[in-house]
């Protein structure tokens, strides 16, 4: 479904719920979220397995482990967004979808479809991980010892704000021009960098689906609300600021004629 530079708030067209484009986009979100969560959570389980087998018993709680987890997430998200961006816009994250909804770049119907697909993809990824690893329990996310829930919430807000800001500047902004080509790479890099910053404090989820899948399959619900509220607040703030303070009004005359129109992505 092609979009334009003009914001369009609404529930969605009557035929959107059954339109083939909606079904294809929803399937793309499901598959890409599955790929991302399987690789991201799988990297944590793999490191834990390696450290336990060598009697180190430290898992990802080392500088090297943190770097490897950040790299795995960055690479997996780069691949997942690249795979879906021409079909669904490559959200792969309920917070990104919420930001696009708040910014008038996606309909309510499409947002609901994406949320369901993202959550199911994350759950299935963790179920298959548990099966493939002979019952290893997904780790998920929790606030580190000595870090309060309020600090964890603030961390998630800031990290997700940065993520959605990069999404907007490279994949949504009508003025982005050729920089849109590197959108998947930029999105993967900011997630990897954010994990290096927030990982030791709250795990740096930035993605409610990424947190929900392991929480459900591993039945680990400690501090779980943070990983919904924080990303949704951070994503919404980034969307509102970028939409109304950075993207020019449709009535504002351009400075030059080389601005590119918004690509036909479903943001």
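Glycine is treated like the rest: Cβ placed from N, Cα and C.
Listed features, source Swiss-Prot:
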- 1: N-acetylmethionine (MOD_RES)
- 2-26: topological domain 'Cytoplasmic' (TOPO_DOM)
- 2: N-acetylalanine (MOD_RES)
- 27-47: transmembrane segment (TRANSMEM)
- 48-66: topological domain 'Vacuolar' (TOPO_DOM)
- 67-87: transmembrane segment (TRANSMEM)
- 88-110: topological domain 'Cytoplasmic' (TOPO_DOM)
- 111-131: transmembrane segment (TRANSMEM)
- 132-151: topological domain 'Vacuolar' (TOPO_DOM)
- 152-172: transmembrane segment (TRANSMEM)
- 173-178: topological domain 'Cytoplasmic' (TOPO_DOM)
- 179-199: transmembrane segment (TRANSMEM)
- 200-226: topological domain 'Vacuolar' (TOPO_DOM)
- 227-247: transmembrane segment (TRANSMEM)
- 248-267: topological domain 'Cytoplasmic' (TOPO_DOM)
Contact call for the transmembrane segment (27-47) against the transmembrane segment (227-247), three or more Cβ pairs under 8 Å:
no
Take the topological domain 'Vacuolar' (132-151) and find every residue of the same chain, 6 or more past its ends, with a Cβ under 8 Å from one of its Cβ atoms.
41, 44-45, 48-49, 126, 200-203, 205, 210-211, 213-215, 217-220, 222-224, 226-227
State the residues, same chain only, that lie 6 or more residues beyond the ends of the transmembrane segment (179-199) and have a CB under 8 A from a CB inside it; answer 'none' if no residue qualifies.
60, 66-67, 69-71, 73-79, 81-82, 85, 90, 155-156, 159, 162-163, 166-167, 169-171, 206, 260, 263
Outside the transmembrane segment (67-87), six or more residues from its ends: residues with CB under 8 Å to it:
24-25, 28-29, 31-33, 35-36, 38-40, 42-44, 47, 60, 171, 183-185, 187-189, 191-193, 195-196, 199, 265-266
Remote residues contacting the topological domain 'Vacuolar' (200-226) - C-beta distance under 8 A, at least 6 residues beyond either end:
33, 36-37, 40-41, 66, 92-95, 118-119, 121-127, 129-130, 137-144, 147, 149, 151-153, 155-156, 159-160, 163, 191, 194, 232, 234
Sort the residues of the topological domain 'Vacuolar' (200-226) into helix, strand and coil with DSSP and give the three counts.
15 helix, 0 strand, 12 coil
Going by DSSP assignments with H, G and I as helix and E and B as strand, what are the residue counts for the topological domain 'Cytoplasmic' (88-110)?
12 helix, 0 strand, 11 coil
For the topological domain 'Vacuolar' (132-151), jot down how many residues DSSP puts in helix, in strand and in coil.
4 helix, 0 strand, 16 coil
